[in-house]
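Okay, so here's the structure we're looking at.
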Amino acid sequence: MKFTLTWRCFALFLLLHQPTPVNPASSNDTHPTVEPEPFLYVIGRKKLMDAQYKCYDRMEQLPPYQGEGPYCNRTWDGWMCWDDTPAGVLGFQYCPDYFPDFDPTEKVTKYCDETGVWFKHPGNNQTWSNYTMCNAFTPEKLQNAYVLYYLAIVGHSLSIFTLVISLGIFKCFRSLGCQRVTLHKNMFLTYILNSMIIIIHLVEVVPNGELVRRDPVSCKVLHFFHQYMMSCNYFWMLCEGIYLHTLIVVAVFAKQQHLRWYYLLGWGFPLVPTTIHAITRAIYFNDNCWMSVETHLLYIIHGPVMAALVVNFFFLLNIVRVLVTKMRETLEAESHMYLKAVKATMILVPLLGIQFVVFPWRPSNKILGKIYDYLMHSLIHFQGFFVATIYCFCNNEVQTTVKRQWVQFKIQWNQRWGRRPAHRSVSRTAASAEEGGIPVYIYHQEPRNDPAHSLGEEGAEIIPLNIIEQESSA
C-alpha cells in the first residue's frame, strides 16, 4: 500500500500546466507529438509494448465471433486492445496509464458503425479511438486540483503554527518537563520540518515545470528529506509506544529510561530505508525530481513505516490490558494517568496510519472518489495539527498549568497596575478558582501606617492559598 496521495496531488497540479496533447484528428498509431519527461516516457513505452504483446496474444486465443450480423473485427489501435464489437455499438475502456497526465478513471471510446467498420476520423480518414477525455483538463478538474493544492498548503501551515505553539508551551512551563514530553517535542519537530519541506516543494517545485524538466539534484535532495522526515514522524510515534510499554508493562512504573535508544530509533533508523530508497531510485527509477509514484521502490520506505504502525498498535493494546488489570486490582490513580496518555496515542495511531489501510479502496464513482480525495488529503496534510491538538492542547495537565499561570498573571497584573481589590473580591476570585480545581496564589500586603508607602509594593508577597488556610485552621 503506497503512501502516494500527496505526491499524486503534486503531480496532478504540475501536469495541469503541461498536459500531453492528444489530437483527435490524428491516428492512435502514433505517439503524442510532445513527449512527457524522458524517463517516464521510457516507462510508458515499455508498458505500451507489453500491452501490445498481450493484445496480439489475446486475439489469437479468443474464439471467432459468434454473433449475428455485421461486426467490427478485434484490433489493436496503437494504444489499446479492442475485442470483436457488434455493429452500431460504442465500445469503451478505462484510459491507460502510459503517460503521467492520463486519468485512469476516464474512458476511451471506439465506435463500430452500422456497416461493421470501425469509425474513421474525417480529418485523415484513419481508424480512430477517442482518447480526448484521458487528459482533458476540464474546469472542474482544474478547480479540484487547485482546491487540493491549497488544502495542502493550509493544512501544513496550520500544522506548523500549532506545533510551534505546542513546543513553546512545553519549553516555557518547566513543570511539564519529563521524559515523555521530551519524546513529544522530538515528534513535533519532525512534523514541523516535514511540513516546511512539503510547503517548499509545493511553492517552488510543483508549479515550476522548467525546474522539473531540468531535474536538478536539489530537487531530489528535497524529496529525500521529505521521505526521511515522514519516516521519522511514524518512528517517533513508535518511540512513544515503546516508552509507555516499557514504563508500564516492563519496568513497572519506572521513572527514568535511557533516551539515547529512542533518539537512535526516532532519528537514526529512518535514515536506513530512506538512503536505500534513494540509491535504488537513482539506479532503477530515476525520474525527474522523483515525483512519480508508479514504482514499487516506495515500499522500501513505506514497508518499515507500516510495520512500525502495526507494532505500535499491538504495544498499546497490551498496555491497555495491563492498566485495566491493575485498576481493577489496586485502583491506583497513577494507572488512570497513564491510561489517559495511552488513549491519546491510540487515537493517533489509526488516525495517522489510515491512509495506508484505506488507500487501495478508492471508490470508482466520481462523486465518492472526490469525497475520498478530500477526506484523505485532510487527514494527511493536517496530521501535525492533530498531533499538537491531542498531545498538547487537549492534555489536562497542560490545560491546568496554563490556567494556573493565567490566573496568577491576572492577579499580579491587577495588583501592579489596577486598583487593589476589596477583600470580598479577592475571596470571590479565590473561591471561583478553587472550585475549578486550580491551585491559586493571592496577593498579600501588610498594611502600613506611613502614607508615603500606602501605594507602594514593598512588603508585598505572593502567598499560596493553602498556607493561609493552614494558618486560619490553626
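Positions of Cβ are set from backbone N, Cα and C atoms, glycine also.
As written in Swiss-Prot, here are the features:
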TOPO_DOM  23-146  topological domain 'Extracellular'
CARBOHYD  Asn28  N-linked glycosylation site
DISULFID  Cys55-Cys81  disulfide bond
DISULFID  Cys72-Cys112  disulfide bond
CARBOHYD  Asn73  N-linked glycosylation site
DISULFID  Cys95-Cys134  disulfide bond
CARBOHYD  Asn125  N-linked glycosylation site
CARBOHYD  Asn130  N-linked glycosylation site
TOPO_DOM  170-181  topological domain 'Cytoplasmic'
TOPO_DOM  203-219  topological domain 'Extracellular'
DISULFID  Cys219-Cys289  disulfide bond
TOPO_DOM  243-259  topological domain 'Cytoplasmic'
TOPO_DOM  281-296  topological domain 'Extracellular'
TOPO_DOM  321-340  topological domain 'Cytoplasmic'
TOPO_DOM  360-367  topological domain 'Extracellular'
TOPO_DOM  395-474  topological domain 'Cytoplasmic'
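Mean pLDDT of the predicted structure over the topological domain 'Extracellular' (23-146): 82. Same-chain residues lying 6 or more positions outside the topological domain 'Cytoplasmic' (170-181) and placing a CB less than 8 Å from one of its CB atoms are 240, 243-244, 256-257, 259, 341, 392, 397-398, 401-402, 405. Per-site Cβ counts within 10 Å over the disulfide-bonded residues Cys55, Cys81, Cys95, Cys289 peak at Cys289.
There are 25 other Cβ atoms within 10 Å of the Cβ belonging to Cys72 (disulfide bond). Remark: Cys219 (disulfide bond) has Val205, Leu211, Val212, Asn288, Cys289, Trp290 as non-local neighbours, by Cβ distance under 8 Å and separation of at least 6 in sequence. Here Cys81 (disulfide bond) is positioned 14 angstrom away from Cys112 (disulfide bond), judged by their C-alpha atoms.
Note on the topological domain 'Extracellular' (23-146): DSSP counts are 36 helix, 25 strand, 63 coil. Looking at Asn125 (N-linked glycosylation site) and Cys72 (disulfide bond), their Cα atoms lie 17 Å from each other. Here the CA atom of Cys81 (disulfide bond) lies 13 Å from the CA atom of Cys72 (disulfide bond). For Asn125 (N-linked glycosylation site), the count of additional Cβ atoms within 10 Å of its Cβ stands at 9 [all protein chains shown].
Calculated from their C-alpha atoms, the gap between Asn130 (N-linked glycosylation site) and Asn73 (N-linked glycosylation site) amounts to 18 Å. All chains included, 18 other C-beta atoms sit within 10 angstroms of the C-beta of Asn130 (N-linked glycosylation site). In sequence order, Tyr65, Asp84 are the residues near Asn73 (N-linked glycosylation site), counting only same-chain partners six or more apart with C-beta under 8 A. Recorded residues Cys55 (disulfide bond) and Cys95 (disulfide bond) have their alpha carbons 15 Å apart, per Cα-Cα distance. The 10 Å shell around the Cβ of Cys134 (disulfide bond) contains 24 further Cβ atoms across the protein chains shown.
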